[in-house]
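As annotated by TrEMBL, transmembrane segment applies to 90-111, 138-157, 169-191, 211-231, 336-355. Among the features that TrEMBL reports, domain 'NnrU' is placed at 139-358.
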Amino acid sequence: MASSMVLSSPISHKTLPFRSSSRLLAKTNRPTSSRILLAPPAAPSKISQLSGKVLVRTSIRDSDTKETSSTSLPLVGEDSAVFEIGEQKIVSWVYFTVILGVVLFILKVAWLDGSPSGLGLGKAFIDSVSGLSDSPEVVMLLLTLIFAVGHSGLASLRDAGEKVMGARAYRVLFAGISLPLAVSTVVYFINHRYDGVQLWQLQGAPGVHQLVWFTNFVSFFLLYPSTFNLLEVAAVDKPKMHLWETGIMRITRHPQMVGQVMWCLAHTLWIGNSVALAASVGLIGHHLFGAWNGDRRLAIRYGEAFETVKSRTSIIPFAAIIEGRQELPKDYYKEFLRLPYLSITVLTLFAYYAHPLMQAGSFGLHW
């Protein structure tokens, strides 16, 4: 649950400044590690029918750019999960560490700390929502709905909000509202996950633990394709809305939604009661809306370029590959041999072994 609610924000080190095919083609003279060079289109009026050559340079490829088949479609989106050690600035990561510390301190004092020295707003929020119903299933759904409205609502207002207050200030507002609501929902789920009606009991069945563990492990690689650049998450770098086209996006255009579904199915199978089912219904519903809303926002932001990406990707995993709309490069696996994916692997294993710590912390809040 904790993993499923981390704030999403499409990230990269550099953004392709395109809104139409003409602007895409105007930037082909500046190759970098995360930019993509496009050949002139065969039919300028229909970017989806482009054919030509595409050169890609990333941190995991050879120092010389490599040319794909002349029959392959050119990329119009960004190369995801690129992380160049040489481009990192120590001062930026110092800022990130300071900002993270300040955010966690404020969250603790204002939301989590119920002692006389803290505000304890989190408990007051949980108590107010719990007062609406004696059913933990209903409370779980209400908490998820409140988080969804705050999170997706602010995401939908992002363009207008950034025009008024700037990208960094709006990111602070977004995080300041979404993070406490996410923490409250997670803590309530942990504390009440075994309440409600037991629908089935499969924890002792052969192979169930292994299936649940593997499903959760894979779901983390899908849940976080948009949070690779932590500097944008913390607004050290200017937050941007990115149009990704490589890596996990080749498998599914909405990996966070697919990862959330996998997480929910695994936890519901393992816990097997009505509270887990209610949490899964709420979270899956939220992410299905998020998939639709994300496509809508990208279409408004990138127009024809997004339609091109949409035409050769799919929401259902592997569907575009099976249908022949997505052509995988021969070295596709290299798009995952990058530091961000290694970091996700380490953090996923840490989260698994840190479950007792998360449970103890949640129990201590008495929400």
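Each Cβ is built from the backbone N, Cα and C atoms, and glycine gets one as well.
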Among the recorded stretches 90-111, 169-191, 336-355, which has the greatest number of Cβ pairs closer than 8 Å to the transmembrane segment (211-231)? 336-355
Where else in the chain does the transmembrane segment (169-191) make close Cβ contacts, counting only residues six or more beyond its ends and a cut-off under 8 Å? 1-2, 5-7, 9, 103, 107, 110-112, 121-122, 125-126, 139-140, 143-144, 146-147, 150-151, 154-155, 158, 161-162, 233, 235, 239, 275, 279, 358-359, 362-363, 365-367
With Cβ-Cβ distances below 8 Å as the criterion, list the same-chain residues six or more beyond the ends of the transmembrane segment (90-111) that contact it, or say none. 117-122, 175, 179-180, 183-184, 230-231, 234-237
